[in-house]
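A quick write-up on the structure given underneath.
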Amino acid sequence: MESTFPVFDPASPQAESIRDLFVHVLLISAGIFAIVSGLICVALYRFRVTEKLPVQDFGSHKREIAWMAGPVIIVVWIAAISIKLILTINALPTQYVKGATAEQDGVDIVVTGHQWWWEIEYPASGIVTANEIHIPTGKKLRVALRSEDVIHCFWVAQLTRKMDAIPGHENFVWLEADKPGTYQGRCAEYCGTQHAWMNFLVIAHDPDDFAAWQQREKQTSTPPTEKLASDGAALFMKLTCSQCHAVAGTDAKEDFAPDLTHLASRAQLGAGVIKNTPDNLRTWLANPQAVKPGCKMPNFKLKDEQLDQLVAYLETLR
Ligand code: CUA
């Protein structure tokens, strides 16, 4: 799934131009490296220790001007092509008016960084999910980036530039994918103990599949009918799960922790730390601190029976 060198495997026009700039600068640097190391080798050979000193050369205006002008031209050139690219790919907050809602600003997705997971909201449809961004292909989406705690950095190497998510300040980025697929996203700014496990997936669908996903995602949960699962649903409310999490259609409405409305349909748990399987979900519930030390989910020291009930319930959240 994940590309070994995602920057070299772009899947959006934006990522492609970033790759091109990177290769451009890399070639210039490689050229300079080759010239400098070549000259060092020549000097080492020609002026190796011999009987007599080489001819001493004190100053040359022409050469001094040349070695000043050369680097200046190169630096100005690199700055020019970088600024041009930044201006092309940036989603500037031009229409953003203080106090305007996300919809008014034409925001398609609001992404909020938390230690250590991502909250994903679609203002138009009211869908809320976590650590998984579903998008239709071929559409340039405006993403607003926010943070609830410290500075995080949103980065999908195959699709976007990096952009910080800063508390109290909204940033924007364009998100677009050429073809359907799953793209790895990461937090690219050190943000505490579990920075390394603050991953997310961008799942790009054909527009029809995306519409179907939206339809499923809009449905709220229905109370489970099966005994084990319905005991789990009661336990979920009785324990303090509902004081941090939300499950649409129930009394659990908090947004301190990931929204669990469609938890069982997601690919990963704990912002990418483990795959989302019933066994892994059980391991996670049994002791989240063992799976992701430092995460905000406490160890509830659940009994085996309680684990069975909770897993049965959470697996109904599709
Ligand atoms: Cu969030 Cu690093």
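Here the Cβ of each residue, glycine as well, is placed from N, Cα and C on the backbone.
Per TrEMBL, the features are as follows:
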DOMAIN    1-93  domain 'Cytochrome oxidase subunit II transmembrane region profile'
DOMAIN    104-216  domain 'Cytochrome oxidase subunit II copper A binding'
DOMAIN    227-318  domain 'Cytochrome c'
TRANSMEM  21-45  transmembrane segment
TRANSMEM  65-87  transmembrane segment
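Residue counts of the domain 'Cytochrome oxidase subunit II transmembrane region profile' (1-93) by helix, strand and coil are 66 helix, 0 strand, 27 coil (DSSP-based).
Applying DSSP to the domain 'Cytochrome oxidase subunit II copper A binding' (104-216) sorts its residues as follows: 13 helix, 56 strand, 44 coil.
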